[in-house]
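Student: Here it is: the structure, laid out below.
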C-alpha cells in the first residue's frame, strides 16, 4: 500500500469557511499512487444547488462526475467546498455544469472525464447537461450514471 503525500493540502483536516463563489474556491489534488493502472473515480452530488442568474431562485441538480486519473486525484473535501460554493452563485445550468468539468480538467489533466448534470425542472422542463473530454480509455469499466430520466408523476 502506498502512502499519499498530503503535505501541500490547505483544507483537509482543518476548519475552512465555505467559499462564497466558485472563483474563490480552492480545488486541491493529491498524487494517485497507481500510475499505469486505469480506473474510474466517481463523485455523486445528489443535492447540488446554484441560483438562476435571472430570478435568483434556487436551482437543483443531481451531478455525477466520473474520471480516469493520470497521476492526480481531486481531494474530496476541496471538491465538496467547490461544489457548495455554487450555492450563492448565479449561472445557467449549462454554465455551471461545464465550468465544474473544466476546472477539474484544468486541475487534474485526467486521461478522461465526464459529467452528467440532471437538473430538476424549471418552468416544467428538466434540463440535463452532459459533457466529456473524449473517448474513455479502452478497457475501463464505466457504470451507468444511474439517474433515471425525469418523469414527474408518471
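From the backbone N, Cα and C atoms, a Cβ is placed for every residue, glycine too.
The active site, thioimide intermediate annotation in Swiss-Prot covers 52, and the record cites sequence analysis as its basis. Here Swiss-Prot flags 59 as active site, proton donor. What Swiss-Prot records for 74, 75, 76, 93, 94 is substrate binding site.
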Student: Spatially, and counting Cα to Cα, which of the binding-site residues is closest to residue 52 (active site, thioimide intermediate)? Options: 74, 75, 76, 93.
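Tutor: If we rank 74, 75, 76, 93 by Cα distance to residue 52 (active site, thioimide intermediate), first place goes to 93.
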Student: Just counting, how many other CB atoms are there within 10 A of the CB of the residue listed as 'active site, proton donor'?
Tutor: 21
Student: Based on DSSP, name the secondary structure state of residue 94 (substrate binding site): helix, strand or coil.
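Tutor: It is helical.
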Student: Distance between residue 93 (substrate binding site) and the residue listed as 'active site, proton donor' at the Cα atoms, whole Å?
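Tutor: The Cα atom of residue 93 (substrate binding site) is 8 Å away from the Cα atom of the residue listed as 'active site, proton donor'.
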Student: Considering Cα atoms only, can you say which of 74, 75, 76, 94 is the nearest neighbour of the residue listed as 'active site, proton donor' among these binding-site residues?
Tutor: 94
Student: For residue 76 (substrate binding site), which residues in the same chain are close in space, meaning a Cβ under 8 Å from its Cβ, but six or more apart along the sequence?
Tutor: 43
Student: Using a 10 Å radius around its CB, how many other CB atoms surround residue 75 (substrate binding site)?
Tutor: 22
Student: Can you check which residues sit near residue 74 (substrate binding site), meaning Cβ under 8 Å from its Cβ, same chain, 6 or more apart in sequence, and list them in order?
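Tutor: When sequence neighbours closer than 6 are ignored, residue 74 (substrate binding site) has 27, 28, 29, 41, 43, 104, 107, 108 within Cβ distance under 8 Å.
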Student: Measure the Cβ-based neighbour count of residue 52 (active site, thioimide intermediate), defined as the other Cβ atoms within 10 Å of its Cβ.
Tutor: 14
